[in-house]
Amino acid sequence: MKPAPGSPVLLALAGFLALATAMGIGRFALTPILPFMIEGIPLSTADAGFIASANYLGYLIGALGASALPSFGDGRGWFFLGLVLTVLLAAGMGVSGDLTYLAVDRFIAGLASALVLVFSATLIIEPVTRMGRPELVAVQFGGVGFGIMLSAGLVGLLGAHQAGWDTMWLLSGALALVAVALIAFLVPAREKAAPSPARPVDTANGRHRSALLKLTLAYGLFGFGYIITGTFLTTILRGSSHLRHLEAPVWAMVGFAASFSLWFWGRVAARIGNSRAFAIACMVEAVAVLLTVVSAAPLAFFVAAFLFGGTFVGITGVGLVEARRMSRANPARSFGLMTSSFGLGQALGPTAAGIGAEMTGSFALPSLAAVATLVVATLLTFNLPRD
């Protein structure tokens, strides 16, 4: 029996599980499994960065191209296609260790995660908002952190039992399959789509255009800065004999903090403004990344993981909300600009970091580059106009 259409909590739960699947597993399961792949296949750090960048390039192309797809009402067909592909492609990563195969798999997985995220807007976020429960949108984005915690727990358990990287991917696909079955139950029967309102003329003034340009640039710098740690944190831990046993718990800490990141920064933004909250969160994240360079103490990595997880989802959401505010008459355009900038930075980061680590023998220099980009993002956005 399907849930009633008027169940915003159940619909938000479906969105929570969808992002746990598409992002927490489909995108971020690579991070805890990557050290096992580097040792087991084996891969160089440059190869690992290339595989990760392929995933983020797929997400960029998918996010930009999704708006051109026929939505057939509320877009549930594309939404579930993305989820099914996430399951198949996660399991498919365990089939071969060929570099090209792995990169193509992750590229298509990036496309799939974009389908889920984009079409969850019409299938879940808009109905939940229409039902008078906009606060539940933060619940949906908490799914990213939950998925990260699940992947950390699964990989940690399997690693403790000497399972290989291929088994980790196969069981990640099985875990995603269970989530998709629950989502299919929770999403109600199709409702008649409401007519789309006419798009008003964009009347943004020059001041807002300049601010939006700075925010868009900062969003791209954030994409570059966060994804280096987001891809290689567990690989950095693997490189230290006294830290490698902390891979799973540190990555789980990232997921725990990420689960309430949007909720927290949304409340900060309500008090001080979106752009200033964005700037402060970028600076906090810069501190998190810097901690992974300046200290090898276990506590420092747990603090870094908490600060990192507690900012990156919030920055993503607050940045998009501010871009929409700056371009009220044409939010789709601002979303496209922000997504392009973020996606480009996110796609370049892992490859650049992997090559840098291979050349220098550590991730210190790539991590410091990430810190620098996050500091610049802070400076660009701290004093943007609020009206």
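Any Cβ shown, glycine's included, is placed from N, Cα and C.
Here's what TrEMBL has on this protein:
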{"type": "DOMAIN", "residues": "7-387", "note": "domain 'Major facilitator superfamily (MFS) profile'"}
{"type": "TRANSMEM", "residues": "48-66", "note": "transmembrane segment"}
{"type": "TRANSMEM", "residues": "78-95", "note": "transmembrane segment"}
{"type": "TRANSMEM", "residues": "107-125", "note": "transmembrane segment"}
{"type": "TRANSMEM", "residues": "137-161", "note": "transmembrane segment"}
{"type": "TRANSMEM", "residues": "167-189", "note": "transmembrane segment"}
{"type": "TRANSMEM", "residues": "217-236", "note": "transmembrane segment"}
{"type": "TRANSMEM", "residues": "248-265", "note": "transmembrane segment"}
{"type": "TRANSMEM", "residues": "277-294", "note": "transmembrane segment"}
{"type": "TRANSMEM", "residues": "300-323", "note": "transmembrane segment"}
{"type": "TRANSMEM", "residues": "335-357", "note": "transmembrane segment"}
{"type": "TRANSMEM", "residues": "363-384", "note": "transmembrane segment"}
Could you please provide the mean pLDDT value for the domain 'Major facilitator superfamily (MFS) profile' (7-387)?
91
How about the transmembrane segment (167-189) with the transmembrane segment (78-95) - do they touch, taking at least 3 C-beta pairs under 8 Å (6 or more apart in sequence) as contact?
yes
Same chain, outside the transmembrane segment (277-294) by at least 6, Cβ under 8 Å from its Cβ: which residues?
215, 218, 222, 225-226, 228-229, 233, 236, 265, 268-269, 300-301, 303-308, 310-312, 314-315, 318-319, 322, 363-364, 367-368, 370-371, 374-375, 377-382
Let me check one thing: do the transmembrane segment (335-357) and the transmembrane segment (248-265) come into contact, meaning three or more Cβ pairs under 8 Å with sequence separation of at least 6?
no
With pairs closer than 6 in sequence left out, are the transmembrane segment (248-265) and the transmembrane segment (48-66) joined by 3 or more CB pairs under 8 Å?
no
Distant-in-sequence neighbours of the transmembrane segment (248-265), which means Cβ under 8 A and at least six residues beyond its ends:
24, 31-32, 138, 141-153, 155-157, 159, 233-234, 237, 277, 281, 301-302, 305-318
Counting only residues 6 or more past its boundaries, what in the same chain has a CB within less than 8 Å of a CB in the transmembrane segment (217-236)?
28, 30-32, 34-35, 38, 45, 48-49, 52, 56, 247, 250-251, 254, 278-279, 282, 285-286, 288-289, 292, 305, 308, 311-312, 315, 319, 323, 338, 341-346, 348-350, 352-354, 357, 363, 366-367, 369-374, 376-378, 380-381
